[in-house]
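Below is one structure; the comments refer to it alone.
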Amino acid sequence: MPVDVKLENGDSVNSPSEENVVQAQARTSDLPPDVPPDPESDEDVPVQPEELQEALSRPPPVNSSYLPLPWKGRLGYACLNTYLRYSNPPVFCSRTCRIASILENRHPLLDPSQPAHPTKNRPDRSQTPDIARGQAFVEALGLANARDLTKILRWNDRYGIKFMRLSSEMFPFASHKEYGYRLAPFASEVLAEAGRVIAELGHRVSVHPGQFTQLGSPKNEVVESSIRDLEYHSEMLQLLQLPPQQDRDAVMILHMGGVFGDKEATLNRFRENYQPLSQDIKNRLVLENDDVSWSVHDLLPICEELNIPLVLDFHHHNIIFDSTQVREGTQDIMGLFDRIKATWTRKGITQKMHYSEPTPSAITNRQRRKHSDRVSTLPPCDPTMDLMIEAKDKEQAVFELMRTFKLPGHELFNDMIPHVRTDENKPFKPPRKSTKKNGGFVDLEGHVPPAPTVPEEVVGMGGPERRVYWPPTMEEWLRPKKVIRTKAAQSPRRPRQTKKVDSGVEESLEQDGEVASTALTTPASTPASKTPQRIQRTSSVKKMMMLCPKLLSSRDLGALGSVEVVERSQSVTLKTANLYDHTSIKPYCVLTPLTQLCINAILGEVPEV
């Protein structure tokens with residue numbers, strides 16, 4: 001799940017893209033009534049009674065028992081690496097912003113000589129805006145995303161993952177009608193560097209434009225926006241400058257989209273809008289069966305007609321399929337494998353498939369569209385297939401399959417230590433140097449050296465022990481452990497017990513048996529004016545002696561026993577319990593102001609210094 005990260009100007013890099021929001025509002029009417037929810041959302045899907053009744057009457061799926069073992073293909077995941085996303089610093093390719101942020105950053109900073117700050121150095125709206133300045137802001141986000149792609153690719157290779165879907169949000173608003181922009185030349189070099197890493201490691205990458213990219217829409221503005229989005233993805237893949245085969249394999253996955261009341265009319269609009277597309281888009285475009293309207297049997301004929309590869313999504317097929325020709329499950333669809341593969345081989349593109357599973361509690365079709373955290377098995381595909389695992393836990397779902405079936409690479413990673421990472425640099429905070437001297441011993445903790453610095457190229461790479469795997473539902477292991485401080489519950493106190501001691505002195509005993517206070521009973525003959533004002537005593541003589549070792553000698557300590565502290569004018573006097581005759585009170589010492597302050601701190605009257 002995404003985590004909200006603030007930019008230097010206070011904006012959220014994970015806030016929803018305003019373009020997507022605008023597109024969603026503009027195209028809501030284009031989508032069927034049962035618009036699919038986000039397959040990786042945490043929100044529960046409501047259940048309608050008629051949907052529940054239909055789901056309960058659905059025949060059970062018929063699945064194949066074939067497993068593609070030994071596995072020789074490539075497993076991949078989509079867009080986000082959970083381990084790197086929560087590393088320090090975070091590594092991901094989907095930093096974005098709001099359109100309001102682009103407009104705001106057209107103004108210069110309050111202090112252009114200093115970096116931006118969310119409160120102390122924000123854009124000065126009183127200054128004249130500059131479009132180029134706002135453009136530089138959004139381009140900087142895209143460059144940061146593209147630079148992190150190289151790190152993710154090397155991380156994947158270290159752990160045996162050689163297939164990845166690139167984020168469509170890598171360059172925010174690049175396909176926007178008003179705020180869009182070309183990627184060349186500002187992003188040419190950074191994308192070329194990522195392409196060199198892809199070529200060096202022999203990986204495969206692909207992209208998947210969003211659900212609002214629909215060439216079959218009856219609205220011209222939606223089609224125009226869809227073409228701009230396809231051109232943006234095409235330019236991004238071209239700037240990678242991949243070798244020929246890897247470049248052909250860098251495909252763009254597209255859904256047909258809505259039905260708009262008539263499937264055949266929608267297919268005709270798709271044919272019409274497909275023809276004027278650039279040749280590079282045509283070379284990369286791939287159609288995928290979805291989980292709302294379009295089944296494999298709906299799309300396979302037009303794919304064969306227009307020479308467009310068809311990517312089979314097993315999870316979508318189990319939800320939307322032609323019940324007159326196949327049953328739900330993986331068994332019957334295997335009869336179409338040869339026709340589906342032919343759509344790839346005729347264009348010289350390596351075939352790929354998608355696999356995911358519904359959440360365990362899903363019953364209705366709407367609930368089943370939501371992806372599970374991880375998958376439990378492999379589909380009955382060719383063992384050399386490039387298989388995209390679409391699961392909420394991303395690369396961890398791939399690790400789970402590797403461990404379950406002992407696939408190549410399962411020995412390359414180990415379990416994380418909860419909340420602990422040894423592959424990142426944390427700010428060094430030396431412990432406080434003690435100013436106290438205790439018996440001639442000086443605290444030298446302030447001289448503890450900082451931890452060894454982790455080289456930049458291995459930050460976030462799992463450390464020498466390769467601890468990057470976290471068990472299912474243990475995503476919290478990725479973050480530092482939260483420290484919850486609660487007030488300690490007070491232990492129940494027993495009723496005070498009193499006992500008689502010498503000369504009428506009463507001692508009140510606490511539960512731990514120590515003397516808590518000493519009350520001296522004043523004889524009735526003593527004038528009230530001579531009765532000293534008492535202060536509640538909360539410490540023993542020994543504690544006072546530790547604070548003020550020069551006040552009393554060991555002989556005096558033995559003679560005093562229990563004492564009380566009384567206030568006279570501006571000084572404090574210590575006296576013994578058996579010297580109660582106020583006419584002959586003999587002070588042991590008069591405390592200095594600093595020592596008096598220390599004793600008052602013990603009594604809880606002033607803060608300790």
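Each Cβ is built from the backbone N, Cα and C atoms, and glycine gets one as well.
Caution: TrEMBL annotation is automatic and unverified by curators.
Fair warning: this is a prediction, and the values are worked out from it, not measured in the lab.
Residues or ranges marked as compositional bias 'Polar residues' in TrEMBL: 11-28.
As annotated by TrEMBL, compositional bias 'Acidic residues' applies to 504-513.
Annotation comment: TrEMBL describes 516-532 as compositional bias 'Low complexity'.
Among the features that TrEMBL reports, region 'Disordered' is placed at 1-63 (among others).
Annotation comment: TrEMBL describes 108-129 (among others) as region 'Disordered'.
Summarising the annotation, TrEMBL assigns region 'Disordered' to 356-382 (among others). Sequence-distant contacts of the region 'Disordered' (356-382) (same chain, six or more residues past either end, CB-CB distance under 8 Å): 34, 36-37, 39-41, 45, 47-48, 51-52, 54-56, 64, 66-69, 71, 73, 291-292, 313-315, 318-319, 330-331, 334, 389-393, 396-397, 400-401, 404-405, 472-473.
Among the features that TrEMBL reports, region 'Disordered' is placed at 422-459 (among others).
Annotation source TrEMBL lists region 'Disordered' at 484-536 (among others).
The region 'Disordered' (356-382): residue composition by secondary structure is 4 helix, 2 strand, 21 coil, according to DSSP. Broken down with DSSP, the region 'Disordered' (108-129) shows 0 helix, 4 strand, 18 coil.
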